[in-house]
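*Asks:* I have a structure I would like to understand better, so I am pasting it below and will then ask my questions one at a time.
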């Protein structure tokens with residue numbers, strides 16, 4: 001038999017549990033309105049961007065142009081150029097969880113190994129032949145790679161290091177969609193050797209099994 005004090009404890013636990021359930025049911029991860037166009041002028045900081053008043057939203061908040069224009073690959077040391085269409089370019093993408101890029105490649109140009117911390121990427125080859133690949137996480141570090149031709153599609157899972165290389169003698173073009181309005185990008189070499197301020201050469205020499213002079217030479221390049 002439960003004592004009166006025990007009954008009170010059980011009753012209090014029941015009340016707390018019930019209130020917690022109501023709070024949980026009050027949240028909703030799905031969109032609760034037609035759109036949430038980013039208000040770039042709002043001083044409020046949130047995980048994303050504050051919504052503009054729907055009454056002042058126009059068609060231009062959902063529009064951009066110029067994706068038919070080839071990016072400049074000649075001034076890029078690795079021979080590629082990424083044209084990004086994210087929430088910074090189309091405010092109407094805010095909260096929709098999607099964005100787009102066009103990547104142009106010079107002959108034998110690369111999109112250097114990088115990762116998107118907030119998005120999966122699905123890539124379609126529009127022109128040319130590319131070698132693409134990604135590496136699985138530790139400890140397997142399996143390199144999954146494939147040669148793609150025009151019309152081929154390839155997926156890079158969220159957060160994994162991946163790359164593309166034009167293996168043809170002509171320019172190549174791809175279009176890729178990403179599962180975030182602001183997927184972010186971390187180019188591995190730039191992040192490691194171009195950190196500001198520098199990561200200690202002692203740390204990098206041990207991590208990459210290089211001598212300190214080589215590390216410092218690499219840091220000078222980035």
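Residue positions begin at 1 at the first shown residue.
Placed from the backbone N, Cα and C atoms, the Cβ positions cover glycine too.
Sharing the feature lines straight out of TrEMBL:
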- 111, 116, 121: oxalate binding site (BINDING)
- 114, 116, 121, 162: Mn(2+) binding site (BINDING)
- 36-51: disulfide bond (DISULFID)
- 65-216: domain 'Cupin type-1' (DOMAIN)
- 1-26: signal peptide (SIGNAL)
*Asks:* Between the binding-site residues 114, 116, 162, where is the Cβ count within 10 Å the lowest?
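*Replies:* Sparsest of the binding-site residues 114, 116, 162 by Cβ contacts within 10 Å: 114.
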*Asks:* Report the member of 36, 51 (the disulfide-bonded residues) whose C-beta atom has the most other C-beta atoms within 10 angstroms.
*Replies:* 36
*Asks:* Whose Cβ, among the binding-site residues 111, 121, has more other Cβ atoms within 10 Å than any of the rest?
*Replies:* 111
*Asks:* When the Cα of residue 36 (disulfide bond) is compared with the Cα of each of the binding-site residues 111, 114, 116, 162, which one is closest?
*Replies:* 116
*Asks:* Distance check, please: Cα of residue 116 (oxalate binding site) against Cα of residue 51 (disulfide bond), rounded to an integer number of angstrom.
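*Replies:* That comes out at 25 Å between the alpha carbons.
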*Asks:* If you measure residue 51 (disulfide bond) to residue 121 (oxalate binding site) at Cα, how many Å is it?
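*Replies:* Rounded to a whole number, the Cα-Cα distance is 26 Å.
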*Asks:* Hey, for the oxalate site built from 111, 116, 121, who else sits with CB inside 8 A of the CB center?
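*Replies:* Same chain, not in 111, 116, 121, Cβ within 8 Å: 101, 114, 115, 119, 123, 156, 162, 176, 178, 183, 185.
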*Asks:* In the same chain, outside 114, 116, 121, 162, whose C-beta lies within 8 angstroms of the Cβ mean position for the Mn(2+) site?
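*Replies:* My list of surrounding residues reads 115, 119, 134, 156, 160, 161, 183, 185.
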*Asks:* For residue 162 (Mn(2+) binding site) and residue 111 (oxalate binding site), what Cα-Cα distance in Å is obtained after rounding to a whole number?
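*Replies:* Spelling it out, the Cα of residue 162 (Mn(2+) binding site) and the Cα of residue 111 (oxalate binding site) are 9 Å apart.
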